[in-house]
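Record features, source TrEMBL:
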ACT_SITE  248  active site, N6-AMP-lysine intermediate
BINDING   246, 253, 268, 297, 338, 415, 421  ATP binding site
DOMAIN    326-461  domain 'ATP-dependent DNA ligase family profile'
Ligand SMILES: Nc1ncnc2c1ncn2[C@@H]1O[C@H](COP(=O)(O)OP(=O)(O)OP(=O)(O)O)[C@@H](O)[C@H]1O
């Protein structure tokens with residue numbers, strides 16, 4: 001396939017705001033170029049490998065600008081004003097190159113495969129002199145490409161493709177192209193255990209998708225997640241009258257993979273975190289298993305008393321965002337294990353919670369770095385209440401209740417009522433924090449003049465693959481937070497509403513949905529303005545009243561992992577039930 005043909009597809013995808021149409025275009029692309037689907041599955045999001053690989057092209061904006069100046073004779077000032085106008089290096093490249101450039105002696109058009117190989121090569125260029133090498137590689141690419149291709153080359157190389165293609169839409173389009181007869185959930189399951197779109201494409205192409213999906217050592221899985229309910233009695237009832245309750249540790253999710261002497265850890269967002277946990281790695285080395293995948297929570301503890309520190313307090317006090325390495329220098333980290341997903345060549349995801357817990361206890365020995373999550377199994381909500389209180393006294397944020405029924409499998413990447421979380425209930429408050437995605441910003445007034453004063457936030461609607469507006473937030477920000485925002489959003493501001501955003505409220509600037517912010521809110525109300533869960537509610541959408549920033553940017557969460565519109569709708573319904581009860585009393 002020629003790069004120019006791929007660029008045609010990118011133009012068509014970025015030209016539509018309709019999800020179905022976008023999926024159709026991608027389906028056609030995958031069908032017509034099935035022999036290159038491995039490459040396409042990455043490049044369609046401007047990537048060269050699955051996210052967990054951590055591979056980056058790593059070329060700086062400065063380098064790109066220098067290359068463009070050399071090729072076109074533009075001055076630095078021209079570039080600065082053009083960048084201010086377009087806000088995007090790709091658009092800028094297209095405009096500068098359309099004024100004329102150095103051309104190539106050999107006019108062979110670039111193929112997609114060549115382009116991909118050059119990108120891969122760039123990821124491997126490191127160390128001294130690497131910036132010069134990358135500069136030369138980019139110059140070659142741009143000399144050989146048309147101005148339209150150059151636009152996308154620059155966007156991809158600088159990590160700014162942003163045509164609105166999510167993992168979910170790729171997975172859907174791959175299924176539609178190669179196996180439309182199977183259920184979407186089957187493909188999602190495979191992806192949740194092996195979050196690599198090219199891997200899933202191959203499973204579909206080779207008719208192997210129905211081999212049961214499961215974990216593979218050293219491929220980080222999308223972890224299992226919990227639903228919420230408002231009372232312990234409701235929770236026990238929902239789980240079939242009996243439940244395992246575990247302390248809910250307030251730390252960072254950690255997935256530990258071990259094979260022989262090799263041990264690696266991954267975060268909730270599938271980033272490799274091995275270097276951040278040297279002491280944990282050493283301890284896991286002693287675990288008596290050849291291959292194993294463990295799931296747990298890493299928590300800072302007081303080295304004197306063994307007491308647990310609430311993680312968010314530790315990070316907030318230091319004014320940092322989820323910054324483990326520096327914390328661990330002074331404060332030791334412990335891991336509380338609560339699951340085992342793979343053992344000695346056998347995937348355990350299909351086994352029940354009770355079986356997995358038993359295997360976890362048999363496989364791992366506790367020590368002062370590694371412990372099992374404190375657990376009871378109960379039918380009684382009074383007992384649950386007491387257990388909840390002791391968890392709070394021990395420095396935890398609540399409990400996670402887990403199904404002990406036959407079907408209590410490990411569901412990667414899913415909520416689905418096998419795990420339910422319960423936190424301390426604050427009166428007149430939504431008890432849990434929400435993680436929302438920034439989709440726009442408003443300029444500040446008065447003291448906040450010159451920086452942003454408020455943000456427009458959205459929840460994620462999985463079904464529609466859209467970010468739906470849910471509140472405008474201006475509270476809880478310190479001056480420092482506000483000035484930081486310029487840096488946080490520097491590459492994400494756009495004057496056009498992104499195609500995967502649904503909002504009737506118009507901010508001063510739109511922001512590509514890439515940053516997740518944690519907030520607290522008072523209640524959820526019906527809203528004629530916001531679009532959250534609109535198709536579930538009816539005429540109105542939902543909004544969060546009195547939202548305020550908790551001080552934490554959820555850098556460990558991908559935007560698709562933020563609070564979903566359905567969750568907000570569930571919270572809204574629970575709230576209605578509670579207030580109904582209060583009214584009738
Ligand atoms: N015993 C436990 N079992 C499962 N998860 C636990 C346990 N203890 C702590 N956790 C943590 O609790 C998280 C779920 O609760 P919480 O809502 O606080 O986290 P979140 O990341 O904001 O939300 P979520 O993970 O549900 O999207 C898990 O992802 C895990 O990191």
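Every residue, even glycine, has its Cβ placed from backbone N, Cα and C.
Nobody curates TrEMBL annotations by hand; they come from automatic prediction.
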Contacting recorded positions, sequence order - 246, 248, 415, 421 vs ligand 1, Cβ under 6 Å: 246, 248, 421
The domain 'ATP-dependent DNA ligase family profile' (326-461), counted residue by residue under DSSP: helix, strand, coil: 32 helix, 51 strand, 53 coil
Pairwise C-alpha maximum, in angstrom, for the residues (246, 253, 268, 297, 338, 415, 421) that bind ATP according to the record: 19
Spatial neighbours, same chain, of residue 297 (ATP binding site) - Cβ under 8 Å, 6+ residues apart: 249, 251, 252, 253, 254, 335, 336, 338, 373
Most Cβ neighbours inside 10 Å, all chains, among the recorded positions 248, 253, 268, 415, 421: 248
Length of the line joining the Cα atoms of the residue listed as 'active site, N6-AMP-lysine intermediate' and residue 268 (ATP binding site), in Å: 15
Residue 248 (active site, N6-AMP-lysine intermediate): secondary structure state under DSSP, collapsed to three categories: strand
Residue 246 (ATP binding site): tally of other CB atoms within 10 A of its CB: 24
Where residue 268 (ATP binding site) falls in three-state DSSP terms: coil
